[in-house]
Ligand SMILES: *[C@@H]1O[C@H](CO)[C@@H](O)[C@H](O)[C@H]1NC(C)=O
Ligand SMILES: *[C@@H]1O[C@H](CO)[C@@H](O)[C@H](O)[C@H]1NC(C)=O
Ligand SMILES: *[C@@H]1O[C@H](CO)[C@@H](O)[C@H](O)[C@H]1NC(C)=O
């Protein structure tokens with residue numbers, strides 16, 4: 001009995017290693033790279049964006065003028081499209097975007113109408129009617145990215161892909177390190193879109209709001225409230241800076257966070273130095289603040 005079981009097991013192990021040893025060359029070779037051409041940046045002096053802009057000669061190498069970079073997130077309790085499977089990720093806030101504020105906190109938007117993919121843009125900007133931005137991601141073979149974005153980059157009242165297109169067209173087109181010129185002569189159409197989404201996901205990973213709050217005993221509750229100071233301290237103790245906190249319902253329901261930073265190098269690959277918010281919180285400094293539990297049917301497990 002013993003020996004039969006052992007040999008059956010080793011046969012299984014042999015089969016398993018044979019399966020693992022065969023590389024899937026077909027799918028590997030079908031995923032194109034989306035690297036910009038930052039070779040010219042190697043000879044540029046390194047400075048944080050907004051800290052000495054006279055040193056920034058090549059705007060592909062540091063976000064300029066939009067060097068005050070904001071990674072923004074939402075806490076919402078429903079999506080409105082639950083019936084279509086658009087749900088919120090359990091145990092996580094969701095991505096809003098990555099915004100290039102000017103150093104003084106003002107900002108530009110929709111800077112390149114030749115890269116306008118937003119079906120519902122601000123007034124004065126022509127709406128986009130072509131194929132969804134998700135098709136660009138598929139063309140680049142980035143099913144991993146699409147799967148991640150469907151879990152963590154969630155829209156309210158409209159499909160997720162419309163929100164991604166909005167964020168790219170409104171903000172990434174104003175971020176100099178994603179300018180088409182930065183991709184050099186081998187630029188592949190929509191490569192900048194894929195490269196931006198990768199950058200947003202990387203920046204989002206730097207600020208795990210749900211976990212930072214939970215580690216300070218601040219978890220969603222429909223019974224207990226928290227003070228603004230307690231929420232701010234929890235995030236400041238982990239990021240070394242005060243983020244902007246946004247609240248709805250006259251400053252009493254927590255709904256947003258914005259992390260401010262200067263970037264050393266590019267938004268894509270550089271180092272983010274987190275800084276205090278330039279905008280005062282819209283949450284009440286005195287009233288108790290609700291960090292609501294989500295509607296059960298609006299949430300799903302995403303970590304499997
Ligand atoms: C900024 O950089 C320029 C050029 O290298 C230099 O002359 C100037 O002193 C720097 N300014 C500050 C405030 O560091
Ligand atoms: C909103 O909040 C302010 C400041 O906390 C308070 O004075 C005001 O009465 C509130 N308004 C409403 C409609 O609850
Ligand atoms: C908690 O309260 C919010 C706001 O009233 C509501 O939308 C949500 O469904 C509640 N969640 C649970 C689990 O009761």
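For all residues, glycine too, the Cβ spot is worked out from N, Cα and C.
These features come from TrEMBL:
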SIGNAL    1-21  signal peptide
ACT_SITE  96  active site
ACT_SITE  167  active site
ACT_SITE  171  active site
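Taking a C-beta cut-off of under 8 angstroms and a sequence separation of 6 or more, residue 96 (active site) has the following same-chain neighbours: 72, 73, 74, 167, 256. Annotation: 171 carries the greatest number of neighbouring Cβ atoms among the active-site residues 167, 171 [cut-off 10 Å, Cβ to Cβ].
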